[in-house]
Amino acid sequence: MSSTFSGDEMAPFFGFLGAAAALVFSCMGAAYGTAKSGVGVASMGVMRPELVMKSIVPVVMAGVLGIYGLIIAVIISTGINPKAKSYYLFDGYAHLSSGLACGLAGLSAGMAIGIVGDAGVRANAQQPKLFVGMILILIFAEALALYGLIVGIILSSRAGQSRAE
């Protein structure tokens with residue numbers, strides 16, 4: 001029994017690491033954004049309880065970040081099946097980079113949404129004209145995570161293109 005170690009035996013490890021990174025980092029961003037924005041909503045709700053439902057927008061936007069990570073994690077994990085099709089290091093690295101791109105973009109977007117959401121809902125309680133500006137800033141912060149999702153999908157689609165079979 002003479003088999004040579006090519007390194008491709010480790011490839012699924014990197015693929016699954018990418019799936020985990022996508023979900024974990026995106027959920028960390030979602031959790032931070034939700035918590036930070038939620039503190040602002042709770043603080044603002046004491047002064048202006050009629051604005052609480054209007055101020056939930058940052059919390060919802062932060063929650064969507066976790067869904068982005070879930071989407072990439074599912075795409076990656078369904079692409080890892082070494083028994084059905086050869087899975088090379090290239091594929092593992094493609095899936096790892098896909099997960100990191102989506103996950104870290106989601107983490108950074110969650111931090112931005114949390115900080116802007118906290119300050120924005122508090123400021124909106126004092127000056128209602130700031131609501132549209134806050135929403136625009138939140139949309140731009142959410143777009144950062146969307147960019148990570150798009151790049152993650154492109155990178156994960158590269159897996160399986162390493163060698164002609």
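Glycine too: its Cβ is placed from the backbone N, Cα and C atoms.
According to TrEMBL, the domain 'V-ATPase proteolipid subunit C-like' annotation covers 17-76, 97-155. Here TrEMBL flags 12-35, 56-76, 96-118, 130-155 as transmembrane segment.
Helix, strand and coil residue tallies for the domain 'V-ATPase proteolipid subunit C-like' (97-155), in that order: 58 helix, 0 strand, 1 coil [DSSP]. Ranking 12-35, 56-76, 130-155 by CB pairs under 8 A with the transmembrane segment (96-118) puts 12-35 at the top. Within its own chain, the transmembrane segment (130-155) has Cβ neighbours under 8 Å at 22, 26, 29, 54, 57-58, 61, 64-65, 68, 71-72, 75, 94-95, 97-99, 101-106, 108-110, 112-113, 116-117, 120-121, 123-124, counting only residues six or more beyond its boundaries.
Per-residue pLDDT, averaged across the domain 'V-ATPase proteolipid subunit C-like' (97-155), gives 95.
The DSSP breakdown of the domain 'V-ATPase proteolipid subunit C-like' (17-76) into helical (H, G, I), extended (E, B) and coil residues amounts to 57 helix, 0 strand, 3 coil.
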